[in-house]
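What TrEMBL says about this one:
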- His519: active site, proton donor (ACT_SITE)
- His562: active site, proton acceptor (ACT_SITE)
- Val116, Asn124, Gly125, Ala126, Val127, Val254: FAD binding site (BINDING)
- 114-137: domain 'Glucose-methanol-choline oxidoreductase N-terminal' (DOMAIN)
Amino acid sequence: MVQSNISAAQNYVIPKNNYDLVKTVNSTTVEYGSYDFIIIGAGAAGAVVANRLSEIRGWKILLLDAGGEDNDFNKILGLYGYELFSPKTWGYNTTFQKNGCLGMINQRCFLPQGKVIGGGTTINGAVYARGHPEDFNRWVSVYNNSGWSYDEVLPYFKKSEKAVFEPRDRFYHGDNGYVTISQPPVTSNLGPLMRDIFKEGGVEYNYDYNGKCEHGLSIAELFLKGNERVSTASAFLDNFRSRENLRISLNSFVTKIVIDNVTKSARGVEFVKNGQKYFAKADKEVIVSAGGVNSVQVLLLSGIGPEKHLKEINVPLVKNLPVGEYLQDHVMFIGLVIRINGTIYNDTLRELLMRYRRNQRPLISFLENIAFTNIDKDTKKRPDIEYIVSLPLNLPDRGSTYVSLNKEYLAAIKINTTSDFFLFTMLMHPKSRGTVKLQSNSPLDRIPLIDPNYLAEEEDIEKLYQGVKFIVNLNNTEAFRKHGAQVVAFDYPNCETFKKFSKGWWQCAIRHMSTTIYHPVSTARMGSDPSVSVINTNLQVHDISKLRVVCSSSMPELNSGHTTAPTIMIAEKASDIIKKYYGKLR
């Protein structure tokens, strides 16, 4: 099973269009029935909403997703890089970037999005990191979204969670949810080194970054049950498919939300499945949960978006809203490498798999520690930098080079997999903003025009540099000497004119070696002003009835963490909002 999936990834060619999804055998549209709620997308949000709404026995739910089923290979966290080259993702790339991604193929960063039941939760790195209380308080104070403060959303984080690791701040965690959260067993000898390095820099150890305080160095908290990944599909759908009022239709590509132009209300959706075009009627609501990119696509194709762009692609305007605007994404520098005088671990992939099969430990050796901090080390403010300690596995090329580095940069990075590790440096709150647009009005066009505009703002470059500088400044400290560690300076192409380790050299490296961690958000963001938002506080599309957007695109701005946990929270809260609206909240 493992070898066949790895081989498939090595040979997979990303389709250039959506022909296989939208081709039809005839021109007729078949009625697919009437449902109270139709949910587009079975990912981090959609699977949750489908579960919670189908708790109401009198409601009939249809859950649509363009992808297919998951499999046992998805459960192995350490091999998720291979799944990014498979039919389980959309295989997107950004547009040509002027300021970032300069060391990537054609200056475009690889930005895959999930196309499988469970969405990104089935194929991602599975980090559970909610963010800082200030993140959610800003949703209220800056974007005027009442009801979304940290104290008001914390119960929804806890509702879905079943935390099983110790120690933890119990007040901040749930014990009875569907999503198991645990910490991986430590498999390398980097723990003492990391604690010494960060402590010497003024960053203390924190046993639970999802607890009272986010700041500090921690063992990663993961969507992990025993040895296996937990996705929203495994947590919220697998044990509930027998519900008579829940219908899950996979390999179903939604091409349009049908909106009554007179009443300005959603009537249902059109989709293609197995070569046949269908129409499903929504008696109560259509809920878009397709993520930060694909939610934009379906809204634009339905006539909801910026008037100017809809005119450019010849889509009749239904409602002028800033769909696809205000794109934010976490940008991450992957060029900070530390080498120790010794061996981190020396397990082959075969040995790791054997331990996984014996249920001795999960195969997740690529990730053990993460740290959240401020440049100024003020723990009262939300973090602006995250460090991810990533251990390179000795994997075939495509499993470890999914960041799409070009040949020159791949050749320049000479990693010793037994003694080197990455300290990925991620900017939590980039100032740069981007857009998602469409190439045309045809669902056949596979790749939306995703322009995150990485590192366009000098402030973003400066903050990432300060994050790198913090580690580099510790290079000659007792902590580094004690463990025989040193920061490695590779010969980065196009940066030769700068002195190694100088500010100019690091900033050049950052522009070439920064990429995405696949967290596009805010493209249909929540707010009170329709000129700068798409949905209101109740996640309803402005001035369009019977239509909501519930996913990462709904977030007003990025959180100080990873995006899966807050997306699940949004889905949990949205489900209660909907139940309350129809008088069904118990």
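Backbone N, Cα and C define each Cβ position, glycine as well.
Sequence-distant neighbours of His562 (active site, proton acceptor) (same chain, 6+ residues apart, CB-CB distance under 8 A): Gly125, Val127, Tyr128, Ala129, Ile517, His519. For the FAD site, whose binding residues are given in the record as Val116, Asn124, Gly125, Ala126, Val127, Val254, the maximum C-alpha distance rounds to 29 Å. Least packed by the Cβ count within 10 Å, out of the binding-site residues Val116, Val127, is Val127.
Counting other CB atoms no more than 10 Å from each candidate's CB, the binding-site residues Ala126, Val254 peak at Val254. Per-class residue totals from DSSP over the domain 'Glucose-methanol-choline oxidoreductase N-terminal' (114-137), listed helix then strand then coil: 9 helix, 3 strand, 12 coil. The average pLDDT computed over the domain 'Glucose-methanol-choline oxidoreductase N-terminal' (114-137) stands at 97. Following the DSSP three-state reduction, the secondary structure of Val254 (FAD binding site) is strand.
In the three-state DSSP scheme, the residue listed as 'active site, proton donor' is classed as coil. Non-local contacts of Asn124 (FAD binding site) by the CB criterion (under 8 A, 6+ apart in sequence, same chain) comprise Tyr80, Gly114, Tyr518, Thr564.
In the structure as shown, the Cβ atom of Gly125 (FAD binding site) sits within 10 Å of 22 other Cβ atoms.
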